[in-house]
Amino acid sequence: MADESETAVKPPAPPLPQMMEGNGNGHEHCSDCENEEDNSYNRGGLSPANDTGAKKKKKKQKKKKEKGSETDSAQDQPVKMNSLPAERIQEIQKAIELFSVGQGPAKTMEEASKRSYQFWDTQPVPKLGEVVNTHGPVEPDKDNIRQEPYTLPQGFTWDALDLGDRGVLKELYTLLNENYVEDDDNMFRFDYSPEFLLWALRPPGWLPQWHCGVRVVSSRKLVGFISAIPANIHIYDTEKKMVEINFLCVHKKLRSKRVAPVLIREITRRVHLEGIFQAVYTAGVVLPKPVGTCRYWHRSLNPRKLIEVKFSHLSRNMTMQRTMKLYRLPETPKTAGLRPMETKDIPVVHQLLTRYLKQFHLTPVMSQEEVEHWFYPQENIIDTFVVENANGEVTDFLSFYTLPSTIMNHPTHKSLKAAYSFYNVHTQTPLLDLMSDALVLAKMKGFDVFNALDLMENKTFLEKLKFGIGDGNLQYYLYNWKCPSMGAEKVGLVLQ
C-alpha cells in the first residue's frame, strides 16, 4: 500500500457488468439491470484512487433507510395516484425516480445483502448468500431456443454492425465516447479508439451477429450496442466454451426506455443459437454471485498531470517536487535481452502463457492464433515485450494494453493515457524486475498511469513498486456455472 509520502491516486472505476437477461438465454459482461438508470458499464476503472496515507473521501451522501424490499426502478413502484392532481402526480413520480437512482448499484457485499435482485433471481446463477461446494452448470443446455429477435420499443430496430465499414466503426466509437463509462464524479470517460474496438471485438472466432446494434428507424442513428466474443475458459478442472459480453451501451436519452434489458436478452438468444450456454463477465458492482473479487491498483507515471486533473492529489506533508521525485523511474529498462515481441516469438509466448496459467483456477485457454491476436504489438493498443537470453531463448514476457480516458471540463488536459497490465509470465527474470521494466517502458511511451489488478501474482510487486490501492473492486462472475469462490490470487483472467 501507499504510505503517507505518496500521492493518493484516483483509481479507474472497475468494470461494471453487462448482464444476461431473459429466461436463462444469455451471456454477458454484466450490467446492473436492477438499476436501469445507472446504465454505465465499466471495464477498467475510472475513478480516482485512495491510498492509505491520504485522508479518505467522505461519502457523498449517507444512504437513506429503506422500508421493505428495494425495487428495480421507479416504474416498478406501485403508487395510487388516481385522485391526485396532475402536478402532484409528476412531483411524486420525480421523487420516486430520484430515490431509485440515488440508491445506485451495490458496491460491497454488505450493500448487496440488503438488496433484492428480481432480475438475477430468474437467472441460472447462485444466490448471493449461497455456499457453493459443487462444480457444474446451474441448468442444462437448452434445446428449444427462440428463433425470432426480441421486440424493441416502437421506433427502434436491430442492426448487426459491420465493423469492417469505417463509417459504422466510427458510429460505434462515437456512441461509446459520448455515452459509455464515466467515473462517479463525471470527471473521466473511457475513450476506446476505433482500432482498439477492432482488437477487442474481432478476435479469432468472432461472429458478425454478435455485434448487436440498435438504431432509430427514422434517422438510422445508432443508439445502443452490446457485443459477445468467444472464449475457451478453464475453471478449476473443467474447460468450457463460453463468451465474454462487453460494451453494453445505451444512449443517455434512451435510458428510460428499458432498452438495455432487451439488448441483453437478444445477445443471450444469439449466443445460445451458437450452442454456447456459459459466460464469464466482470462488474464493478456486486451481483449474485461473484466467483472472485479483485481490486485495481494505480502507479503514477506522470504525477504532476494526474494531480492537475484531480486523478490524484498530494498527500499530506508532500510537495509537488517531492512527489515527482518519489515516482521517478530509470530512463531505460534494466533487464538484459528485453525487446518487443516479434512474429517469430508467437509459438514460445503461447507455450509460456499456457504453462504459466496452469497454477490458477480461472484462466483463458488460448490457441496460437488467439495469442497472436491478443499479444502481437499494435501501437496504442497492445504492447508485449519478451526477454531473450544469451542463448537466444525467450524466457519471460510482459504485456499491457492502452485505454485512454477523456478528461472532461479541464482547461488544459484533454486525455489521460492509461496502461493496463495484461499477462506477465516469468521463468528466469524475477517478476518484480519484469514489472519495474514495464513501468519504465510505459513511461517512455508517454503513459500517465499504469493500472493493475491484484490477481495472479500481482500482489507480490504492487506495494514495492509504489502502486496506490484503488477505491473499487472488480467482481468476476460466471453465468450458468456453479463453483466455489476463489481469492484474487487464483484468478488468471484479464478482460479488456
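Just so you know, glycine gets a Cβ as well, placed from its N, Cα and C.
What you are looking at is a predicted structure, and each value in this text was computed from that prediction instead of being measured.
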In Swiss-Prot, the phosphoserine annotation, restricted to SER83, SER116, SER218, falls on SER83
Candidates are SER47, SER193; I want to know which one Swiss-Prot annotates as phosphoserine. SER47
Between all pairs in GLN118, PHE119, TRP120, PHE247, LEU248, CYS249, VAL250, SER256, ARG258, VAL259, ALA260 (listed as tetradecanoyl-CoA binders), what's the biggest Cα distance, rounded to the nearest Å? 23
Using DSSP and collapsing to three states, where does VAL250 (tetradecanoyl-CoA binding site) fall: helix, strand or coil? strand
